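This report refers to the structure that appears directly beneath it.
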Amino acid sequence: MEKDMAMMGDKLILRGLKFYGFHGAIPEEKTLGQMFMLDIDAWMCLKKAGLSDNLADSVSYVDIYNVAKEVVEGSSRNLLERVAGLIASKTLEISPRITAVRVKLWKPNVALIQSTIDYLGVEIFRDRATE
């Protein structure tokens with residue numbers, strides 16, 4: 001899959017976003033909340049922006065960041081799949097320039113799991129053709 005995505009061309013990359021939210025299927029996750037981390041890739045042609053050096057020919061990283069912040073810090077959801085899906089859909093709505101998006105969303109501190117685990121999460125890919 002990574003090879004297929006690499007063939008798609010240019011992309012904006014946001015790594016290590018951190019927000020506090022109240023998502024999860026366990027009641028304590030909804031009342032206590034926890035940290036969520038994200039990586040986001042947004043595919044688009046960056047050739048014109050690379051030549052013009054003009055933000056109008058690209059998409060602002062801040063706009064993508066704000067979508068992720070709004071969703072993660074917003075209304076509580078039961079599933080990470082839903083949270084990641086909302087981020088992907090709203091990111092595609094930012095600009096018709098964005099042709100596809102990948103969202104990796106994870107919980108670095110998993111509530112109520114009595115085991116050693118680095119994180120739990122989801123990774124989704126959405127493009128305009130399937131959205």
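Note that Cβ sites are derived from N, Cα and C of the backbone, with glycine treated the same way.
These features come from Swiss-Prot:
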BINDING   Glu29, Tyr61, Leu80, Glu81  substrate binding site
ACT_SITE  Lys107  active site, proton donor/acceptor
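Positions of the features from Swiss-Prot, shown on the structure.
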{"residue": "Tyr61", "record": "substrate binding site", "contacts (Cβ under 8 Å, 6+ apart)": "Leu12, Leu14"}
{"residue": "Leu80", "record": "substrate binding site", "contacts (Cβ under 8 Å, 6+ apart)": "His23, Leu105, Trp106, Lys107, Leu120, Gly121, Val122"}
{"residue": "Glu81", "record": "substrate binding site", "contacts (Cβ under 8 Å, 6+ apart)": "Val122, Ile124"}
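Secondary structure at the residue listed as 'active site, proton donor/acceptor', as computed by DSSP, is strand. Neighbours of the residue listed as 'active site, proton donor/acceptor', defined as other CB atoms within 10 A of its CB across all chains, total 20. Other C-beta atoms found within 10 angstroms of the C-beta of Glu29 (substrate binding site) number 19, with every protein chain shown included.
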